[in-house]
């Protein structure tokens, strides 16, 4: 019981910190002028998925572990497992979309504004969530296809059925690995293009240099989040199989899952959060208040 309490405390600390980071990341994206574009919109969608994942850990996994719920494979528990997979798949495809956004912005700088205008970007985000929903469609057959949290092992478990095997291996494992492989390939192309453009743009204007620095920052953020994604996938699908110790499995599966989404939000905050953004909003609100008061008087 003491070990379960310790595991619950770890779950709460990581998931609540991650939720706070992602909430701040969403606020940062909404209030940062340089993120009022397709990249920012994709980051916002990605951050929502991160927040949703961590929220399930807070409201369900934490209390289930702390109080050792007897039966978490109820309909309610399986629905929450379905939501977890929805958010996970939305994160995966958002990662991939961000990588493509970066390579297209670098390779086709003149066409990128049209390709990533409001309507196309909205369609891409809608497509991401549509695919994520398609992934969890089998989970509507709750009796055979489900994911449920196990308080005894501190891990998520899938149904021990043919359908459970298929969704675990084919729609989850293979998909995650394929997405990471595509992301890595696209990011490598982006890095090559950035190096080539850097050599050719030594004598460019100040505005061009500023734009290039911004593109490099966006790429660094995307790459770092890609490494975090790799950490989670590698641990969850490989490292966790190397030992049967409960703490080992916990730290390479459940903990790695939470930490991935936690650090995702933190990366956005580190790269883009500035105090002056919040202060600017405060100043705007103050000016508006003063203006309204003066008009009333």
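Cβ coordinates are placed from backbone N, Cα and C, and glycine is handled just like the others.
The transmembrane segment feature in TrEMBL is assigned to 6-30 (among others).
The domain 'G-protein coupled receptors family 1 profile' feature in TrEMBL is assigned to 21-197. Across the domain 'G-protein coupled receptors family 1 profile' (21-197), the model assigns an average pLDDT of 95.
Residues or ranges marked as transmembrane segment in TrEMBL: 42-66 (among others). Long-range Cβ contacts of the transmembrane segment (42-66) within its own chain (Cβ-Cβ under 8 Å, at least 6 residues beyond either end) map to 4-5, 7-8, 11-12, 14-16, 18-19, 22-23, 25-26, 29-30, 35, 72, 77, 80, 83-84, 86-88, 90-91, 94-95, 97-98, 101, 121, 124-125, 128-129, 132, 149, 151, 154, 254, 257-258, 261-262, 264-265, 268.
What TrEMBL records for 86-104 (among others) is transmembrane segment. Note on the transmembrane segment (86-104): residues 38-39, 42-43, 45-46, 48-50, 52-53, 56, 111-112, 115-116, 124-125, 128-129, 131-133, 135-136, 175-176, 179, 182-183, 186-187, 189-190, 193, 215, 218-219, 222, 225-226, 229, 261, 264 of its chain, located 6 or more positions outside it, place their CB under 8 angstroms from a CB of the stretch.
The transmembrane segment feature in TrEMBL is assigned to 116-141 (among others).
Feature annotation from TrEMBL assigns transmembrane segment to 173-197 (among others). Listed by sequence, the residues of this chain that lie at least six past the ends of the transmembrane segment (173-197) yet keep a Cβ under 8 A from its Cβ atoms are 89, 92-93, 95-96, 99-100, 102-103, 106-107, 135, 212, 215-216, 219, 222-223, 226, 229-230, 233, 237.
The list of residues near the transmembrane segment (218-240) in space but at least 6 beyond its ends in sequence, with Cβ under 8 angstroms from a Cβ of it, reads 39, 91-92, 95, 98-99, 102, 105-106, 173, 176-177, 180, 183-184, 187, 190-191, 194, 248-249, 252-253, 256-257, 259-260, 263-264, 267-268, 271-272. Positions annotated as transmembrane segment by TrEMBL: 218-240 (among others).
For the transmembrane segment (246-273), the list of distant contacts is 3, 7, 10-11, 14-15, 17-18, 21-25, 28-29, 32, 34-35, 43, 46-47, 50-51, 53-54, 57, 61, 91, 153-156, 217, 220-221, 224-225, 228-229, 231-232, 235-236, 239-240: same-chain residues at least six beyond its ends, Cβ to Cβ under 8 Å. Annotation source TrEMBL lists transmembrane segment at 246-273 (among others).
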